[in-house]
Structures are given as structure tokens and as C-alpha cells.
Amino acid sequence: MRTLWIVAVLLLGVEGSLVQFETLIMKIAGRSGLLWYSAYGCYCGWGGHGLPQDATDRCCFVHDCCYGKATDCNPKTVSYTYSVKNGEIICEDDDPCKRQVCECDRVAAVCFRDNIPSYNNNYKRFPAENCREEPEPC
């Protein structure tokens with residue numbers, strides 16, 4: 001059900017950050033964020049709670065925290081400008097909100113790439129009832 005919700009949200013806004021985030025993950029990690037990370041662990045997907053289960057789930061936890069620090073904007077819908085140079089994402093907006101959201105997405109995409117070796121299929125479609133621990137602060 002959580003995966004279907006993510007698909008619906010992604011299809012609603014063609015220009016929003018969630019679609020751009022999917023594109024960045026594909027460019028940097030070489031994987032579809034929707035297929036690999038939309039329902040992984042306690043934090044990858046819509047919402048998050050408990051403790052991150054591994055390094056990949058921690059990427060999502062940090063991304064959630066980063067979005068939470070984006071002030072005066074909606075990180076899930078704002079569009080930003082970026083380029084790819086030598087395999088690296090360069091966030092190009094002068095607007096503080098757009099730049100911050102782009103940086104959140106860039107850091108998460110790099111984190112996913114760097115943690116591909118530790119990706120654990122046991123955390124795919126991880127039951128929410130396994131994420132009941134007290135969350136750590138951002």
C-alpha cells in the first residue's frame with residue numbers, strides 16, 4: 001500500500017522535487033528510487049519513524065531531516081535547477097529554498113550510491129510495526 005501511495009504522489013506532480021529526486025537517484029546511484037527505496041526500512045518512503053535499520057535507511061533518515069530543515073517552502077513539490085558535471089550533481093539555484101532542497105536530494109542520491117553494497121533485501125517492504133523504537137533526533 002505504501003508503494004502505491006508513492007507512485008500516486010509521483011504521478012501527480014510532474015515538476016516537483018520528488019520527480020527530480022527520482023531522476024537524481026537514477027543518475028547518481030544507477031537505480032530507480034521508486035523501485036529500490038520507496039518502501040525500504042523505517043525511513044525510505046512516505047513518512048518515517050523508529051530507528052534507521054542500516055546505512056541505506058539512514059540515507060532516508062538524513063534526507064527526511066534535511067527536508068524538515070527546509071524553511072518557508074514545501075520540499076516535496078518545489079522544482080530546482082541542477083546540472084551533472086563529471087558524474088556529480090551541481091545545484092544551481094540562487095533561491096535558498098530551491099538550493100537547500102536540491103542539496104538534500106543530491107546528498108541522499110550520493111548516499112544511496114555509496115551504500116549499494118550494504119543494501120539488504122530483508123528491509124524491502126519492511127513492516128511499519130518493526131519501527132516502533134524511539135526515534136533519534138535529527
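From the backbone N, Cα and C atoms, a Cβ is placed for every residue, glycine too.
Computed from a predicted structure; not experimentally measured.
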Of the candidates Cys111, Cys131, Cys138, which does Swiss-Prot name as forming a disulfide with Cys59?
Cys111
Identity of the Ca(2+)-site residue among Asp54, Asp64 (reference: Tyr43, Gly45, Gly47, source: Swiss-Prot):
Asp64
The disulfide recorded in Swiss-Prot for Cys97 goes to which of Cys65, Cys66, Cys73, Cys131?
Cys73
Residue from Cys42, Gly47, His63, Cys131, Cys138 whose C-alpha is spatially nearest that of Cys102 (disulfide bond), among the recorded positions
His63
In this structure, the one of the recorded positions Asp64, Asp105 whose CB has the fewest other CB atoms within 10 Å is Asp64
If you take the centroid of the Cβ atoms of Tyr43, Gly45, Gly47, Asp64, the listed Ca(2+) site, which other residues of that chain have their Cβ within 8 Å of it?
Cys42, Cys44, Trp46, Gly48, His49, Cys60, Phe61
Inside 10 Å of the Cβ of Cys44 (disulfide bond), count up the other Cβ atoms and send me the figure.
29
For the disulfide-bonded residues Cys59, Cys66, Cys91, Cys102, Cys138, which one has the sparsest Cβ surroundings, going by other Cβ atoms within 10 Å?
Cys138
